[in-house]
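According to TrEMBL, the feature compositional bias 'Basic and acidic residues' maps to 1-16. Annotation comment: TrEMBL describes 17-35 as compositional bias 'Low complexity'. Per TrEMBL, transmembrane segment is recorded for 58-80, 92-113, 125-144, 150-171, 183-201, 213-232, 297-317, 329-350, 389-409, 415-441, 453-474, 480-504. Marked as domain 'Major facilitator superfamily (MFS) profile' by TrEMBL: 59-510.
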Amino acid sequence: MTEKDDEKNALDRQEQSEQSEQPEQPEPTESSEPSEPSEPPQTPEQPYSIFPKWQRVVNVYVASLAAFASPVSSSIYYPAMLTLARDLDTSLTNISLTITTYLIFQGISPTIVGGLSDRIGRRPAYFLCFTLFIAANIGLALQTSFVTLLLLRCVQSCGSSGTAVLSSAIVSDVATRQQRGSYIGLAALGSSMGPALGPLIGGLLNQFLGWRAIFWFLTIYGGVMLLVYVLFMPETCRNIVGNGSIPPQRWNRPLIAYLKARKFNSTEPEPSAPLRSSKKRPGILSSIPIILEKESFLIMFYGGIVYAGYMLIITGLPQQLASTYHFNSVQVGLCYLPIGFGPLLIRPIIGRIMDANFRRHARKIGVEIVENRQQNIDNFPIERARLEVSLACVYLSSAAVIPYGWVMTLKHPPLPVVLICLFINGLCTSAAGQPLAALVIDINPDRAAASAAAFNVVRCLLGAAAVAVVNLMLNSMGRGWTGTLIAFIWVGMSVCWWAVIAFGPRWRKEKKAKRDSS
């Protein structure tokens, strides 16, 4: 035997030894595939996301700007309600109906968008959303009848509302649970700017250019955001690209990636299907079963109750300001600024509080937090860590809504007091919702967009019901008792979240055991 043959045999023995040390990985079969997607295992050496921190921040920030489309499309409309009723020769009640239908579709359409994005990716979902949004706004700018306004507002809602759940999903794609508070705060900035800037922009456009300019503004905004996603933004969905290390399909890559590939003569092959994921991807309507789960339902139902009370306040505000102070549309829009700037101020602060509370509970049970590694929550009180923050904010908001209602019953209510109450209410209700957005994706990690969409369904349907009865409540009960009723419902129904804190960990374990046994 030659020296060359000896060397070859030694290399073969070394290779066999290395293979024997590695644990055998069973091939996935159809019978072993889980009925529900579960969180993929993560080795200690594997980062949760390979995107550098600056790129993760940029991804979430752009998603936040995209999510601005949903609240601004609703709030920009408020100062023009009286003008629209006059120009379209219809009643204010009918114009309020367009807000109700907007909220209904804002709840329904993300169930499809969320499930679709979990299945085929975030970028295609954004393309669909902004294409619908642009088309609807062009139609709204050109329409001349109430019926057309009503129908196109539904289409506009279908396009804009999906962007809100996609921003939460992108946070889940790139941020671990222990970082999620800060990232959710960044992702929610767009949603916070909508109520703050929407009425002001709408009031200015309506006063100086007419209400049609509102929809042309939204058309331009939608076009800019669509262009940003086509040109620059990468795919982040973990069901498609994992932690970012798996290239997506060629058609699902930003145009800038093609330009770089041509510059460096890249010949990167299209990744084969087995490289993407061996587990079952969520269905398009996977958000519906999430609502029916005990823990998720209680979290979302009470979150929807809080949102419904908030909608009662901001939807009834234009009529109250116009009748009490005789304000025009610009002045009404300016009065919405405290409602919006409260959330803008509290979002980054509440995110840091959430992360600090997460670390506090981790230290309490002796769990080590590792940077850019997903924290297992099988034995972690994630419900308590999130809802402790939310409950404190809801109780503060309840304390602010009662004086607001009774001050507005005065013949000459002091405007500074009214604006301070609105500021506190906007700040606290926004702060209460931020931990919820994190919690619903914490307990449904592989269905991030679908779980955010499920929350959106419950929240928007309850909000739509509130908008439908706001004028009836104000006329029959008065402003003071309406505010008092909102506060008492918020406090009384908070038992839902206390039940989640008490029984949520057990329900999670039961759900996991059921999934593992199926």
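Just so it is clear, glycine is given a Cβ too, placed from its N, Cα and C backbone atoms.
Contact between the transmembrane segment (297-317) and the transmembrane segment (125-144) is not supported, since fewer than 3 Cβ pairs fall under 8 Å when only residues 6 or more apart in sequence are counted. Counting Cβ pairs closer than 8 Å to the transmembrane segment (92-113), the top stretch among 58-80, 183-201, 213-232, 389-409, 453-474 is 453-474. Between the transmembrane segment (480-504) and the transmembrane segment (183-201), the number of CB pairs under 8 angstroms, six or more residues apart, is fewer than three, so the stretches are not in contact. Cβ atoms under 8 Å from those of the transmembrane segment (415-441) belong to residues 168-169, 171-172, 177, 180-181, 184-185, 188, 192, 195, 296, 299-300, 303, 306-307, 309-310, 313, 317, 325, 335, 338-343, 345-347, 350-351, 354, 382-383, 386-387, 389-391, 393-394, 396-397, 400-401, 403-404, 407-408, 448, 451-452, 454-455 of the same chain, restricted to positions at least 6 beyond its ends. Across the candidate stretches 125-144, 150-171, 183-201, 213-232, 389-409, the maximum count of CB pairs under 8 A to the transmembrane segment (329-350) is reached by 183-201.
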